[in-house]
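Per TrEMBL, these features apply:
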{"type": "DOMAIN", "residues": "23-286", "note": "domain 'NADH:quinone oxidoreductase/Mrp antiporter transmembrane'"}
{"type": "DOMAIN", "residues": "289-342", "note": "domain 'NADH dehydrogenase subunit 2 C-terminal'"}
{"type": "TRANSMEM", "residues": "60-80", "note": "transmembrane segment"}
{"type": "TRANSMEM", "residues": "92-115", "note": "transmembrane segment"}
{"type": "TRANSMEM", "residues": "151-170", "note": "transmembrane segment"}
{"type": "TRANSMEM", "residues": "177-195", "note": "transmembrane segment"}
{"type": "TRANSMEM", "residues": "201-221", "note": "transmembrane segment"}
{"type": "TRANSMEM", "residues": "233-253", "note": "transmembrane segment"}
{"type": "TRANSMEM", "residues": "273-293", "note": "transmembrane segment"}
{"type": "TRANSMEM", "residues": "321-346", "note": "transmembrane segment"}
Amino acid sequence: MNPYILAILLFGLSLGTTITFASSHWLLAWMGLEMNTLAIIPLMAQHHHPRAIEATTKYFLTQAAAAATLLFASVTNAWLTGQWEIQQITHPLPSTMITLALALKIGLAPLHAWLPEVLQGLDLTTGLILSTWQKLAPFALILQIQPSNSALLTILGLTSTLIGGWGGLNQTQLRKILAYSSIAHLGWMILVLQFSPSLTLLTLLTYFVMTFSTFLVFKLNKSTSVNALATSWTKAPALTALAPLILLSLGGLPPLTGFMPKWLILQELTKQGLAPTATLAALSALLSLYFYLRLSYAMSLTISPNNLTGKTPWRFPSTQLTYPLAVSTAMTICLLPLTPGISALLTP
């Protein structure tokens, strides 16, 4: 892609997110979300492949439907209460509609069906943008409106953690596995949103760091399926040794960074008297952990002659920058000891 066009599209992406962040009026927030969607579409369709075009079309249709629902709900709110302010959502009908529209935007279950299909059709770089940056603007709105319907949030959160764990079990494509991982993590964030928005924000940031590391590892290895991971030990032995730690951190295993948000969320849910919800969420994390273990096994424990049936790819020297990967990997693995300091910062 022409670097000038790429710069304009990335500028459009950041501008759309910034407009949504800065807006207090529903029309401006909607405009920011639309700019976000329109800026990423050429990036998704840049590879002229039927899968990429199909993924782009699916993404456009779902995002347009979510944006239309959001606009309709905000107009309904203005009609019922006379308010266009984002924080003045008092009526339950527009509040529920906006929550569901934003859930469709970020891919929360049961409105998640588009996310694995879309992510599967994209290259890893665009997939990374879709899994991280594109979640920021809708999340900013969810945090601002503070949905009052706690039952809806709990149902969305629990369904997402369960479907995110269950859906990834039988997958062989890495991008689909990462999509289900994204759904499960979003479920954890939504579960605790009504009790501790700062904890939701912490979970989102740790999820970003871990996902960034995972995508960069797969990109460096040029792997898009589990079988392709089996040959990565010859290409980058040191990275292959660290990759299981990154994956297990995504799964939330102590003593890695990914354990911190899960630990704090389970603690918060128990404090609020929601022990059954916390138990279900913890059990669903085991489902996710299983497919991360599968990836770790395929990557670091299958060496010749016990290789998985994968063709050895033609190898060129990698031109990818490894500094971002080094920094994010260190953060993914080593931040757990900072938990007391972070939780002290989170408490108001």
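Glycine too: its Cβ is placed from the backbone N, Cα and C atoms.
Annotations in TrEMBL come from automatic prediction, not curation.
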If we call contact 3 or more Cβ pairs under 8 Å (sequence gap 6 or more), are the transmembrane segment (273-293) and the transmembrane segment (201-221) touching?
no
Based on Cβ pairs under 8 Å, which of the stretches 92-115, 233-253, 321-346 lies most in contact with the transmembrane segment (177-195)?
92-115
Thinking of Cβ pairs under 8 Å, which stretch from 92-115, 151-170, 233-253 has the most of them with the transmembrane segment (321-346)?
233-253
Over the domain 'NADH dehydrogenase subunit 2 C-terminal' (289-342), what is the model's average pLDDT?
80
